[in-house]
Structure formats: C-alpha cells, structure tokens
Amino acid sequence: MAFSSTSLMLLIPLLVSSYIVLSSAGNFNKDFQITWGDGRAKILNNDNLLTLSLDKASGSGFESKNEYLFGKIDMQIKLVPGNSAGTVTAYYLSSKGSTWDEIDFEFLGNLSGDPYTLHTNVFSQGKGNREQQFHLWFDPTADFHTYSILWNPQRIVFSVDGTPIREFKNLESAGVPFPKNQPMRLTSSLWNADDWATRGGLVKTDWSKAPFTASYRNFNANNACVWSGGKSSCKSNSPSSASGSASWLKQELDSTGYQRLRWVQKNYMVYNYCADKKRFPQGLPTECTHS
Ligand SMILES: *[C@@H]1O[C@H](CO)[C@@H](O)[C@H](O)[C@H]1NC(C)=O
C-alpha cells in the first residue's frame with residue numbers, strides 16, 4: 001500500500017516541531033569545557049551532542065564547568081563501536097590534590113563481538129583499590145544508554161539504565177573514609193590504553209580503524225549541590241521530592257533496587273576486589289566485610 005502524499009504533508013510539520021522541542025534541551029556548551037584533544041572533542045547538533053575521538057596522535061576529553069559536592073548525575077553515552085580493543089572511555093567525578101576523591105566509570109573496549117568491560121572504582125582521600133568490573137546485558141555501542149552516579153552523604157550508587165550495579169556505603173563509623181568534603185568535577189576522556197585495557201594488554205589497538213568515537217547526550221545534574229565560593233548550594237528539580245527538600249540527598253536503595261543489584265552482581269560481575277583474597281593476604285578491606 002502506498003503512503004499517500006496527504007498523510008506525508010500532515011506528518012512533516014509534526015516531525016519538524018517535535019525536533020525543535022527536543023533540540024532546545026541542549027546544554028553541553030553551558031555545562032562543559034573541552035579540556036584537551038586539539039579539535040578531537042566536538043559539541044554538535046545545537047549543543048545536544050558531544051563526541052570524543054581518538055586517533056594514533058591523541059585522544060580527547062572534557063570536564064564540567066561546575067564542581068559538585070553530592071549529586072545525582074545522569075549521562076547518556078554511546079561507546080566506540082566495532083573493534084574498540086585497547087581504547088578506554090573514562091567517565092568520572094574527581095577532586096584535586098594528592099588526597100583526592102573519585103567515583104569512576106571506565107569502559108574498556110574489546111574486539112568486535114566481544115563484550116566491553118565496565119570498570120568501576122571509588123577513591124577516598126587518595127586511596128582506591130576498590131575495583132568492581134561488569135559485562136553489560138546489552139551492546140553499549142549500538143545505542144545510547146544512561147549511566148548514573150547517585151552520590152549523597154550516606155552512599156554512592158552506580159546505575160546503568162536505572163538498574164543499580166554497585167553500592168558503596170558510608171562506613172566512616174567502621175573507619176572507612178568516605179568522599180564527602182571535597183567538591184568534584186565531572187570528567188570524561190577517550191584514550192589509548194592498549195598496554196592494559198583489553199585482556200590485560202594482550203589485544204592491541206587496531207589503528208587502521210581510527211578515529212574511534214564515543215558520543216554523549218542528555219546530561220542531567222538537576223539534582224545536585226554545586227560548589228561555588230566555598231559553599232555548596234543544593235537543588236532538587238525532581239517533582240517527586242514530596243517535601244520540596246532534596247530527597248535525593250537521602251535516597252537509598254529499596255528492596256527492588258537491592259534485588260536488581262544482586263541480579264547484576266550475580267550474572268554480570270566479572271571482578272570484585274572484595275572476593276579477591278589473594279590480593280589482600282592481610283584480610284579484605286573493611287567495607288567488604290560490613291555490608
Ligand atoms: C573482552 O572479551 C573477552 C572474551 O570474551 C573477555 O574475557 C574480556 O573480559 C572482555 N573485555 C576486556 C576489556 O578485555
């Protein structure tokens with residue numbers, strides 16, 4: 001059956017107007033600055049899309065103009081497709097100095113058809129060594145997916161498309177430092193790490209496939225505390241915050257959240273420092289035995 005020209009005429013203005021509505025959501029120039037890569041990082045599509053690229057000469061990166069002290073931050077990312085072995089797309093919050101705090105997502109590329117590894121870590125006061133790694137339940141190069149960090153004074157939760165994959169609780173009462181005093185900037189970069197990234201460095205970057213490109217859209221930090229002039233101001237733009245106060249600042253996982261977290265950890269976790277007894281002959285880190 002042929003598509004009649006009348007229905008096409010009706011459809012076109014509709015498509016055009018919905019495009020305009022969507023494209024008014026752009027914010028990359030407002031929220032971020034490109035920090036390196038000599039033209040390899042680009043802000044496109046009316047400010048709606050940011051792309052990073054990597055070739056043999058250089059990678060590229062950007063960081064948020066704001067510093068945050070707690071927040072619930074979402075970004076949609078589409079990772080380097082095809083043979084991405086040796087490439088690393090890092091997406092993290094980090095403070096400065098030698099006793100820095102950091103909350104890390106790192107996507108380790110792979111040969112076409114082999115799974116990306118999502119590497120996570122939490123640093124507090126300069127100390128990390130808290131790696132957990134996952135494979136994903138979808139192909140992260142086929143489309144955009146949402147990667148979220150909930151960071152409040154009680155916990156850090158890493159989520160993928162709304163599914164929690166990792167929780168790091170505030171266990172200061174048991175003597176484990178927790179990131180809560182140092183504002184952090186959101187940073188992302190695409191770089192070559194073929195000395196370690198893919199199968200521990202066995203698979204090298206295939207430069208004949210360069211440039212490698214990762215894409216970002218729909219950044220959301222509407223629920224966050226922005227640090228400025230020595231103090232932080234918190235906002236909560238979610239209509240669901242009943243009392244009008246920033247409910248994300250107290251958010252915790254409910255029983256469904258824990259159920260999904262366990263599902264991911266059981267089926268998709270490929271490395272857990274808390275299960276690596278050989279690495280910690282003196283005993284596992286305190287947070288591993290206090291959950
Ligand atoms: C790459 O694929 C291999 C084989 O499936 C897998 O063992 C590995 O975890 C994947 N990820 C990386 C980054 O090496």
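Glycine is no exception: its Cβ is also placed from the backbone N, Cα and C atoms.
Per TrEMBL, active site, nucleophile is recorded for Glu102, Glu106. Marked as domain 'GH16' by TrEMBL: 22-216. The feature N-linked glycosylation site is assigned by TrEMBL to Asn110. Per TrEMBL, signal peptide is recorded for 1-25.
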_Between the Cα atoms of the residue listed as 'N-linked glycosylation site' and Glu102 (active site, nucleophile), what distance do you get, rounded to the nearest Å?_
25
_Contacting recorded positions for ligand 1, chosen from Glu102, Glu106, Asn110 when the Cβ sits under 6 angstroms of any of its atoms_ = Asn110
*What is the average pLDDT across the domain 'GH16' (22-216)?*
96
*Counting across all protein chains shown, how many other Cβ atoms sit within 10 Å of the Cβ of Glu102 (active site, nucleophile)?*
18
*So for the residue listed as 'N-linked glycosylation site', how many other CB atoms are inside 10 Å of its CB?*
22
